[in-house]
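Colleague: The domain 'Cation/H+ exchanger transmembrane' annotation in TrEMBL covers 26-439. The annotation transmembrane segment is assigned in TrEMBL to 6-26, 33-51, 71-90, 102-125, 218-241, 261-290, 335-356, 376-393, 413-434.
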Amino acid sequence: MPTIDVSQLNIIATILGTFTIVYGLIAVKIKNTWYLVPAVVVGIVLGPISAKLLDAERWIDVGSPVKDDVTLGVMRVMIAIQLVIAGYQLPGRYLQLRAKEMAVCLFPVMTLMWLATAGCVLLMIPKLTFISALIVAACVTSTDPVLSQAVAKGPFADKYIARPLREIISAEAGANDGFASPFLMLGVSLTLQSSSDHGSALTSEDAGLALKYWLVEALLYIVLVAIIYGTFIGFCARKAVEYSLARRWIDTESYLLFPTALGLFIVGTCGVIGTSDLLACFAAGCVLNWDDQFLAETKRRHDEVNSCIDVLLNYGGFMYIGITIPWELFHQPDITGITLAKLIGLGFLVLILRRVPALLVCYRMMPAAVKNWKEAIFMGYFGPIGVGAIYYLEHTRHLFLAEDYLNSGEKDLLAALTPVVYFLALFSIAVHGVSIPALNAIFALYGVQPVTYDAEEIRRRSIYIPTPTNAVRADEDMFIAFNRFSRPNYGTKILAQFHQDSDLRRVGTLLDPPRHKVRRHATFELDHIGPKNETHI
C-alpha cells in the first residue's frame, strides 16, 4: 500500500530542490545581484523560528554535540571545494608573482584586523577578558571565501572592478582562512594554560608553555605542514593529470570533476592527520594550475561542472546557516549580558573598523594589486564574514568542550561565542548582500563607466544565454567580453584594449552587423598570449 512519508530527508530534498529550481529560473535577475542572501532568508523563513519545516535539531536525535559536528562538516566541505576552485582559477604562479602583496595581506593586514576586532568585541560584549575577545575576534578575522569569490567574480566586479584588485581579493580570501588558525590557537593556548579561575591572568610559566604549544602546533604543524602537504598533493595531481592527458586516458567528466574530488580528498586526509584542510586546499588548487595549463584545459572543455557543484553546496550551506541561527541567544541580558542593541552596535563597529583602516594603512605596500585609496576602501569594505566564521566557531567549541574542566572565564567565552559569531555572520551577509545592488544603483546614477580593458572574443554556447554584464553582443555566435577574471594561456587571442566609452560604443556598433560584415570592417590589433596565428573578428 502506498503511504505518505513526511520524513526529514524527503522534506530537505523537496525544499532544496524547489529552491534551486525556482531560484535558477530567475537567476539572472536575482542571483547576480543578491548572491546567496536569498538562501539564508529561505533557511530563516522555513526554519524552527517560523514555518518549522526545517529544523536541524530534528535531523539528529542524539543531541547537540553531533549537530555541532555536522555543522563543522558542512562548513569544511563547502569551503574546501571553494578554495580548490579559487586556487586553480588564479593565474599561473600567482602566489609567486604576488608574494609581496600576499605577505602584506596575511601578516600586517590580518594582525591589524584581529586586534581591531578584538577591541570592538571587548568594548561591546560584557563578561569577556581580553584573551577571550582575541579568540572571538580570530573566528571572524578571515574573510569568507564563498562570499568573497562571489564579490570578486560576480557581475558587479566583472563590470566595474579592475582584474588585479579582483585577483588579490580572491587570493586573500583563499589564503587567510587557513592563516586565521594561528590567531585562534594563540588565544586558545593562552586560555587553556591559564592558572587563574577567571582566565584573565597568566604566570610566566603558563605563558611560556602556551607560546611553545602555539609555535609547535599552530605555526609549524597546522600552517606549515598544511602548506607543504597541499603543495605536494597539488604537484602530484598536476603531474598525474598531465600524464593522463598526454595518453588521452581521462575523459571530460572526470577531468572537470577533478578539483571537487581533490578538495574532498584533502578534507579527509587533513582531518586524519589534524592539520589545516583550508590552507592545504587553497595551496593544492594554486599548484594544480601553476603552469596555467589546467585552467586552460577546463576552458577548452567548457567547464561548468565545478561551478554547478559549488553553487549547489553554497545553496544548501547558506540555507543551513539560516536554519541554525541561534535567535534566542541574541538577547540574554540576565544570563550573558548580551543584548540585541549591543550586537547591532558591534556589527557596525566591526564593519567600519575591522578591515578598512588596515587596508588604508597597508595598501601602499602592494601597488601592483591595489592602485589607490578608493580600491583600498573597496577591498576593505568587501571582506565579508560567513561560513569561515561558523567553521572556526565550531572548531573552537570542539577544542574547549573536549576539556574535562572549564573555569568561569572559559564558560563565559563559550556562552558569548555562538551568538556573537553567528550575529556577525548574519549581519555581514545582510549588509554586503544589500551593498552590491546599492553600488550598482549609485554607479548607474553617476554614470560610472565600466572597465573596458582586455577585450576577448568568446563563443556563445546558446542563443538563449544572456549577454554578460562585461560583454557586448557580436552576433548570434560570439560575445566580446572585457575584464574577464579567468585568463588562461590557452592559445587564443586577446583583442586590443579600449579605454574610452566612445571606443566601447564603437566596438558594439561594429560588432552588431552580420558576421561576414564584421570580418570585413572590424579588424583589431591583437596581443598574442598563445601560438601566433592571425585572427580577425
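Cβ from N, Cα, C; glycine included.
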Colleague: Short question: which residues 6 or more past the ends of the transmembrane segment (71-90) have a Cβ under 8 Å from it?
Modeller: 56, 145-146, 149, 153, 167, 170-171, 173-174, 177, 234, 259-260, 262-264, 266-267, 271, 277-278, 281-289, 294-295, 298, 306-307, 309-310, 313-314, 316-317, 320, 324, 387-388, 390-391, 394-395, 398, 485-486
Colleague: Count the CB pairs under 8 A between the transmembrane segment (335-356) and each of 218-241, 261-290, 376-393, 413-434, then give me the winner.
Modeller: 413-434
Colleague: Any residues 6+ beyond the ends of the transmembrane segment (413-434) with a Cβ under 8 Å from its own?
Modeller: 34-37, 40, 121, 125, 127-128, 132, 135-136, 139-140, 144, 147, 151, 191, 199, 318, 321, 324-326, 329-330, 332, 335-336, 338, 343-344, 346-347, 350-351, 382, 384-387, 389-390, 392-393, 396-397, 400-401, 406
